[in-house]
Amino acid sequence: MSERVILAYSGGLDTSVAISWIGEETGREVVAVAIDLGQGGEDMEVVCQRALDCGAVEAVVVDARDEFAEGYCLPTILNNALYMDRYPLVSAISRPLIVKHLVEAAREHGGGIVAHGCTGKGNDQVRFEVGFASLAPDLEVLAPVRDYAWTREKAIAFAEENAIPINVTKRSPFSIDQNVWGRAVETGFLEHLWNAPTKDVYSYTEDPTVNWNTPDEVIVGFERGMPVSIDGNAVTMLQAIEELNRRAGAQGVGRLDVVEDRLVGIKSREIYEAPGAMVLITAHAELEHVTLERELARFKRHTDQRWAELVYDGLWYSPLKTALESFVAKTQEHVSGEIRLVLHGGHIAVNGRRSAESLYDFNLATYDEGDTFDQSAAKGFVYVHGLSSKLSARRDLQ
């Protein structure tokens, strides 16, 4: 028996075509591995059957929803991770987990080759292959979409010629990637930057005007940075994301229309829906404003950005990311409390904060009766703080 190919299978166009193509061109058997990351949509058994219909000798489903929420979404919250200050890494954080399970499947099913359906223009090829190199450098990597320069038109034509069941047409050629953390849509008419997204682009979120008269107020509770309750009810990490996806999505929260800088050097337009992710990151960042000392908070903003860049760039297993996470774990020791937010009209508004770990001192902050701030100390502080500027200005005026 020839060496098996272990394919990361999504059920979409590129990986469905890849199963048939690998079998025809290489003669190798394909084991399709589909990872359930809470993406919803089609039943995973239907996805498995499609893989078999396309020619896979085996189709495996891995339920990784809780693992994804706790091991990948949670660090994204702890690092307030928004690439280019906007994108909550919807696809980027899923790739290292998919890599992990593909490597495990390769060991279990006797595969010496792993395959993905990424193009040569995207970031995912890097995320997959750097991940494989980090976890299993002995495995060979096959990337038919990239290495044979498939276009979407060619892939659609191949699928039609070989009766491969897909949910894509030349009239509506969206590329969609989704999981419980969010949804990413690209290609088609969206590649023209002036074209506004149409209603059919969105799935996780309602039009922001639909529930205009019924705003939703929600209280998110945290312990050491981790979401643990919603409106006082205990939740798991996965439950927190799912509930906020539903509630924030109903208010049109989490719609992002982004032109981002890809790792490969080009700019790309992406439409993202991440209602739960944006609420949780917003709430967590707000709680840090209340509980972190100023210099620590300032420095963490730099590490948050760097962590997001590392993950976006496919360096999930890098020593720097590991070191940053050790630092961030220390910062979360006092990040416990509750944040109250109003979800309305596509926006998130924080309107309440409370924490037993708060560094906010009412008696120092108030301008009313009860003020304990010693204002007589301010004059000397201002003088010393501005002394270097004063000396520099005096020199420049000479």
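Each Cβ is built from the backbone N, Cα and C atoms, and glycine gets one as well.
Binding of ATP is attributed by Swiss-Prot to ALA8, TYR9, SER10, GLY11, GLY12, LEU13, ASP14, THR15, SER16, and within the candidate set GLY110, GLY111, GLY112, GLY117 the record adds GLY117 to that site. Spatial neighbours are here defined as Cα atoms within 10 angstroms of one another, and by that definition SER16 (ATP binding site) has no neighbours among the binding-site residues TYR87, THR119, ASP124, ARG127, SER175. Closest to SER10 (ATP binding site) by Cα-Cα distance, out of the binding-site residues TYR87, THR119, ARG127, SER175, GLU260, is SER175. When Cβ atoms from all protein chains are considered, those within 10 Å of GLU260 (L-citrulline binding site) total 17, not counting its own. Using a 10 Å Cα-Cα cut-off around ASP14 (ATP binding site), the binding-site residues TYR87, ASP124, TYR272 reduce to an empty set. Between the CA atoms of ARG127 (L-citrulline binding site) and THR119 (L-aspartate binding site) there is a gap of 12 Å, rounded to the nearest whole number. Within 10 Å of SER175 (L-citrulline binding site), counting C-alpha to C-alpha distances, fall the following of the binding-site residues ALA8, GLY12, THR119, ASP124: GLY12.
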